[in-house]
Amino acid sequence: MGKGGEDLGNKQINSSESLKSESFPAWAKDVGECEEKFGVSRERGLATDEVLKRHQIYGLNELEKPEGTSIFKLILEQFNDTLVRILLAAAVISFVLAFFDGEEGGEMGITAFVEPLVIFLILIVNAIVGIWQETNAEKALEALKEIQSQQATVMRDGTKVSSLPAKELVPGDIVELRVGDKVPADMRVVALISSTLRVEQGSLTGESEAVSKTTKPVEENADIQGKKCMVFAGTTVVNGNCICLVTDTGMSTEIGRVHSQIQEAAQHEEDTPLKKKLNEFGEVLTLIIGLICILVWLINVKYFLSWEYVDGWPRNFKFSFEKCTYYFEIAVALAVAAIPEGLPAVITTCLALGTRKMAQKNALVRKLPSVETLGCTTVICSDKTGTLTTNQMAVSKLVAMGSRIGTLRSFSVEGTSFDPRDGKIEDWPAGWMDANLQMIAKIAAICNDASVEQSDQQYVSRGMPTEAALKVLVEKMGFPEGLNKTSSLADGDVLRCCGLWSELEQRIATLEFDRDRKSMGVMVDSSSGNKLLLVKGAVENLLERSTHIQLLDGSVQELDQYSKDLILQSLHEMSLSALRCLGFAYSDVPSDFATYDGSEDHPAHQQLLNPSNYSSIESNLVFVGFVGLRDPPRKEVRQAIADCRTAGIRVMVITGDNKSTAEAICREIGVFEAGEDISSRSLTGKEFMDVQDQKNHLRQTGGLLFSRAEPKHKQEIVRLLKEDGEVVAMTGDGVNDAPALKLADIGVAMGISGTEVAKEAADMVLADDNFSTIVAAVGEGRSIYNNMKAFIRYMISSNIGEVASIFLTAALGIPEGMIPVQLLWVNLVTDGPPATALGFNPPDKDIMKKPPRRSDDSLITAWILFRYMVIGLYVGVATVGVFIIWFTHSSFMGIDLSQDGHSLVSYSQLANWGQCSSWEGFKVSPFTAGSQTFSFDSNPCDYFHHGKIKASTLSLSVLVAIEMFNSLNALSEDGSLVTMPPWVNPWLLLAMAISFGLHFVILYVPFLAQVFGIVPLSLNEWLLVLAVSLPVILIDEVLKFVGRITSDYRYAPRTPSAKQKEE
């Protein structure tokens, strides 16, 4: 190795040691400094041994895969829920009791084991569903890996390696990039092979058009969009070739930082507002169950524990294990009664139905709970490019020369997509195009390397979007009738007019665009026999090189100062509207090219090989006109933003695009009013980070705009809004949006233009990329929440009734009316269909005219709780009452109950049934139930144990009937059944029929009746059930009437919280 080689080797060793320890701002250093820092020369690249050393320091150039949660930990997490824990405890205890209760055996033994097994089954299904959701939730990080490049062309040991796996790159590698390549790592551009280099980095930065790259250093504190000499991993080269130096690989790249931010955001995911409320409810329920269980034990302690007082101290304790376990079973029954076991299933069903409704409106929900969260969205943070706008460049204004010097003509162009049939040109001279317009069409069609294709009902651009937009303009302009000729093009071709122009004017040379002259030119061999130079580019630059202008009739006049000023004034006005302007000019080819035919052997061809000659070739031009292009807003967005305002939802626009473009779009779509002063409302991401009181800035009413925003800015805005109590929906389509999508309460990704990373990080995907779909989804979310509130209240009121029933049974000391498995059946099966059907309640007509509900709004207000305590108390009285009536009365309200021949006892005997064995002469006659006969000759006291089966069946039937009628009460919170009759929701009537049908099945199918410990009922007994159940409707109608009278008082505006007062 020579001396130079030794120096380079030492340099590489030193650099590999120092690089890892410090962050090097390659974008702020010139190429020489970068090469020295990384110990490499662009001619030779890195040596193989140096690559191995750097591999040990930096590892592979790929994104880390975080350690997945173990399946054991996932299983444990499913039981990290208060209601689930209570159920688990109840199941374990009831299983143990059933096991030790073996001496009873027979039928009751089967019944005892059904209950714990059913509870375990519920818990297992719940855990499986939870684990399945968890394992499917974190695919965003995998999708990021798909964005990374697979292979790269690298210089190693002075040799070009054309297809090295991209994961083997290390900092310091020299990489060659070409058109269409995916950038494999973050790299510093060290040399341009072509005259220009453009990179599409919108998915990372949010910019709406491809960015020109340079080798010149920029400021050290430049934001990601400002780093013009850097190319970033995952972005795509759309124009040009270059040589680059790898500066960062793997997790150190910009896309790696996004990866880290997604992981971080995933760790900060919070429960939905509904889940928080249900958890709070579970905690309160635990406390109430505990207190009631203790109270039941205290009331009944005398039955299983007694003692005598000797010398003032309790002595001679007597403990009955059998009685103790009996009251323990009652405590378990209380737990089963108090927990709405069917609630998780009904909520899931309702949310699933909601997702189907949303899918019909093009909103695909990936995570079920997000349906409910949508309903209380208070802020929508929207990306601009691709969400509010079409992300398809379109010409919106065409300026041509007038009929005389000093005049211009202006045409407005409709359309927001690459579809040539989308919109027309206003005031267009149909069927006739003057010479000036023909020249504009010719230049736009031929001085152009893009194309437009139809793909799956969508028109997409191939090449630069701005050039594709010019071709679409040519199609809207049409083809001059006089020039029409026989063509090989079919009438159905997307770009037929452009094709006709290309047949008339054969392209023989291209003068590539470069950033110095800011123009592109083509030489054409015209069908008229002469050769022309057609040029398009920045209007100011073309004017500087133009000496003449072409007028309407095609005549050429000298370009005077007045005409120049007029064109520049028009240009300035269009720039203020955030239009990107492109000018058109032409000239005869220079004399050297008069005989040029594109051949490399022609003497003039040498001039085309050196881009520095292009400016002199493109001189003495004739200026013909210019166009204004933009990424246009979607047609329906303005109305959607107005709907948000009506619904009390604030819209904030957060974009990576530049400030003036974003402000113009925001004014157009109604985020800002036309003449509104927005100096305090429109900030760049950097400016916002420098604001002292950021939360106060975000609290401003009306719309806000943040431009030039990086991923970290988006995350910070979402985090601050959430801290301030807002429920945030965040929209986005790029890689740069993924961390904020993950952090927001609702992440909304674009289905068509969105990257896979954004879709995987989101809770909801818009199939049509349309902002107005979000607004429709919010309305649907509000409706679903209202319906969920209705069935949650219905189920909880039913549970209060069950608890009241068991508590009264224990307090009165009468035999247990209903066993746990019967309560489980009611909670899971009988209550399920009506609760689910309440999810079909029609939405309120003014649902999107109300402000969003606060996320801390109470699910059950004090008044609602009082109402359901009254209803619950009635359920308890009715179920226990019918049990007592059967034992103590031969008839009730004129209904004969003596037909089955059962014996009557006094209430005193019923309340002290435990002392039956000490009663002298107590006898009981047999009674019938369906085809069964129950006799108690051998043990009359068994009348209160096995003999209670008919009374228990009556209690269960009353409970089922009351809950069916109570579901009618839940149709409306305060509305009477007179104004909102049951048939407004026919699904509820069907559900009631199903629930009654299921109850009849367990009553009249012998095997099921045996499992549930019940018997068939006679007609008179059914009349008794209805007589005891129907009053629940009348009681709730009275309570609703009181509710309507007091609603103004109850819904009066709340006083501000202490926090708001301080502010």
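Cβ from N, Cα, C; glycine included.
TrEMBL entries are annotated by machine, without manual review.
It should be emphasised that the depicted structure is a prediction, and the values quoted were computed from it without experimental measurement.
According to TrEMBL, the protein has these features:
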type     : residues  : note
REGION   : 1-24      : region 'Disordered'
DOMAIN   : 25-99     : domain 'Cation-transporting P-type ATPase N-terminal'
TRANSMEM : 82-100    : transmembrane segment
TRANSMEM : 112-132   : transmembrane segment
TRANSMEM : 284-305   : transmembrane segment
TRANSMEM : 325-353   : transmembrane segment
TRANSMEM : 791-814   : transmembrane segment
TRANSMEM : 860-887   : transmembrane segment
TRANSMEM : 987-1007  : transmembrane segment
TRANSMEM : 1022-1042 : transmembrane segment
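Nonlocal intrachain contacts for the transmembrane segment (1022-1042), taken as residues 6+ away from its ends with a CB within less than 8 angstroms of a stretch CB, comprise 867, 870-871, 874-875, 878, 881-882, 885, 892-893, 895, 897, 954, 957-958, 961-962, 965-966, 968-969, 972, 974-977. Sequence-distant contacts of the transmembrane segment (791-814), counting only residues of its own chain at least 6 positions beyond either end whose CB sits under 8 Å from a CB of the stretch, comprise 281, 292, 295-296, 299-300, 303, 327, 330, 333-334, 337-340, 342-343, 346-347, 350, 823, 826-827, 831, 834-836, 838-839, 859-860, 864, 867-869, 871-877, 879-880, 883-884, 910-914, 955, 959, 962-963, 966-967, 969-970, 973. Long-range Cβ contacts of the transmembrane segment (284-305) within its own chain (Cβ-Cβ under 8 Å, at least 6 residues beyond either end) map to 82-83, 86, 317-324, 326-327, 330-331, 334-335, 338-339, 803, 806-807, 810-811, 813, 914. Cβ atoms under 8 Å from those of the transmembrane segment (987-1007) belong to residues 825, 829-834, 836-838, 840, 930, 953, 957, 960, 964, 967-968, 971, 1014-1017 of the same chain, restricted to positions at least 6 beyond its ends. On the 0 to 100 pLDDT scale, the domain 'Cation-transporting P-type ATPase N-terminal' (25-99) averages 80 in this prediction. Helix, strand and coil counts under DSSP for the domain 'Cation-transporting P-type ATPase N-terminal' (25-99) come to 48 helix, 1 strand, 26 coil.
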